[in-house]
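*Asks:* Below: one structure in structure tokens.
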Amino acid sequence: MQRSKQETRKSQYKKSIDSDESRRKREEASLSIRKNKREESLLKKRTQAVPGSTPVKVDSLINQRLEQLPSLVAEINSENPDLILKSTTAFRKLLSIEKSPPIEEVIKTGIVPRLVKFLYMQDFPQLQFEAAWALTNIASGTPEQTRVVIENGAIQVFVLLLSSPHDDVREQAVWALGNIAGDSHYCRDLVLSHNALPPLLSLLQNPAAIKVSMVRNATWTLSNFCRGKPQPPFEIVRASLPVLAKLIYYQDEEVLIDACWALSYLSDGSNERIQEVIDAKVCRKMVELLGHPTIAVQTPALRTIGNIVTGDDNQTQIVLSVQALSHLLNLLQSPKRAIRKEACWTISNITAGDKNQIQQVIDANIIPSLVYLLANAEFEIQKEAAWAISNATSCGTPQQIHFLVSQGCVKPLCDLLKVSDPRIINVALEGIENILVAGKKEAQVTGVNPYKKIIEDADGLGKIYDLQHHMNKDTFEKVSRIISTYLEDEQEDEGDLMPEGSSFSFSNQTNSNFNL
């Protein structure tokens, strides 16, 4: 949050949820869209048969080729160019089998150094291509198998091959580096340290001028360069932003998906990172992609927009000014639970803004859908909807709070007081207390806090009293303050709620697994 929001919240007489929690960044154990199958499975990719080639019977090929390994090794180590190409191609075909390719068996033959050597043979591009293809598939294996490729010096020569005059060799080098970078953050940073990014970006400067397959593979590799925790050095990967700003307009779904994922990784972090993403002029198109018919595109687009609105109010307003709210309203009704959850999280960071931004959420007719999810959705979504409503009560005007109450937010907030997650109990208490604060101001004019009766009708008073003995210190303090400040008349009616001699021990427990 920026300074003005902190000052506003500090000026309130009560102790509220810590001010820097109102707007919530994504953390390792945080709320996130579960990686979709494509993202998970394609951190590494194996090149398989050439399109149009005859399908190979897996079992017969493996058995045949494994029997021939000694002779193939002899041929690949010969000085005969024809035999070298023939045996390298045979190894490539063996490694291109779709299911359970014998990567380990090939590594054990000791041919990897020889394959790397072939990459340097500029006057033999067909051999370069076959060797690069074989090494790409070895690098698609386990971390140990990828390490064999790295330890034999392949990264350096693959980076050189990004500038090869031969299209197929360049594309295979792109693919290989994507597989190596996709192995781990260590491998990713190793590839980046070999200065692989500039020639890759050079390939993508004019996407319309190169083959679609190259654009797809290069964008996928670029996405792998940007992904992972710990994050890659931003001073290196920030150079990707102008290229990604072009790629999100490319008319190919695979390219869109990977370009959006790359932007989601780059926008995840400090306000300074967020500003650089905004300055790349991607917000309007990313908001437009929230309405893409394919969920695989919506997902990273929403992740990116969600990251941007974790920034300050001005950064959030950039997103609102390009009509994000109408798309977010639609996403609250997505058939995908993960999308609904992330949309709620995104809205919660918007309602952590100023009163004008809260009004924009109200005007977009989002509150009824939020309240519905708060009352009826799965608990993971309810938590995010609770943050969205609670943040709106913290930063909203009395009129805005009145509107929230009129939409039925009180009962589902009260119902959350019975859950086991202390963090969400405190979020719900925060919302309830903010509503009572607004009601107390109204009572100064009318003599009656209108919201106390609504909370009572929602069985909120009993739930609040039940929390007096909660072991979480923050919960106890909030409940004690609510009772003493707003519910004293009920306390007198019911007698001593805290008998003399009672003692409480508090644990400063927080739910480390809570999705922030």
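Just so you know, the numbers here start at 1 and follow the chain as drawn.
Using N, Cα and C of the backbone, Cβ positions are placed for all residues, glycine too.
These came from Swiss-Prot, pasted as-is:
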COMPBIAS  1-29  compositional bias 'Basic and acidic residues'
REGION    1-54  region 'Disordered'
REGION    490-516  region 'Disordered'
REPEAT    100-140  repeat 'ARM 2'
REPEAT    185-227  repeat 'ARM 4'
REPEAT    229-268  repeat 'ARM 5'
REPEAT    271-310  repeat 'ARM 6'
REPEAT    398-437  repeat 'ARM 9'
*Asks:* How many helix, strand and coil residues does the repeat 'ARM 5' (229-268) contain under DSSP?
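*Replies:* Summed by class, the stretch gives 28 helix, 0 strand, 12 coil.
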*Asks:* As a quick check of your reading of DSSP, tell me how many residues in the repeat 'ARM 4' (185-227) are helical, how many are strand and how many are coil.
*Replies:* 34 helix, 0 strand, 9 coil
*Asks:* Which residue counts does DSSP yield for the repeat 'ARM 6' (271-310) in the helix, strand and coil classes, in that order?
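*Replies:* Looking at the repeat 'ARM 6' (271-310) with DSSP, the answer is 30 helix, 0 strand, 10 coil.
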